[in-house]
């Protein structure tokens, strides 16, 4: 305990006043000391929990944690997807069109012995998708079918206009001349000669054939 009085108090104050003062001082010091101890106790508990958490991580985990803080968000998402797929290739589920759904129902009605897995392999979807399509009772009305057909017709017209406006004109390919560099036996100088391409030979042959046909027809007319 901390002493609260000195020798001068015995000379100046009576004994009753002295005892009253000592009791008040002791109670005040005990209350102040208790609050300080409680505050220190709470801080010590927080520090202890922090130390336990830091000590529970190994050096490797701490390095990985620092790397995760530095890696960008897109890379973290890509790593999470690869971890979820377990190294397999990303293959999102395929959605069937209305025509394909109607075709699936028609095949099932004509061949009832086919199961969901076989139909799923045919349409490249999971058996659960096939079961949901076959169990659904929704059918489009005539108005909805008419709207769908009009929409597909407008889509085809837009695509046709787009191709007509951006039509690519095919240009003939220019075949470069083949240059052969060789040396003559008599002179040491280098000589560059051009070799005709295969297309040029084929063109000459076609021209010669046409010329022969025209000449034969001309001779036949004169002979008659």
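Every residue, even glycine, has its Cβ placed from backbone N, Cα and C.
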In Swiss-Prot, which of 13-32, 33-52, 53-72 is labelled region 'Disordered'?
53-72
Which range of 147-185, 186-224 is region 'Disordered', per Swiss-Prot
186-224
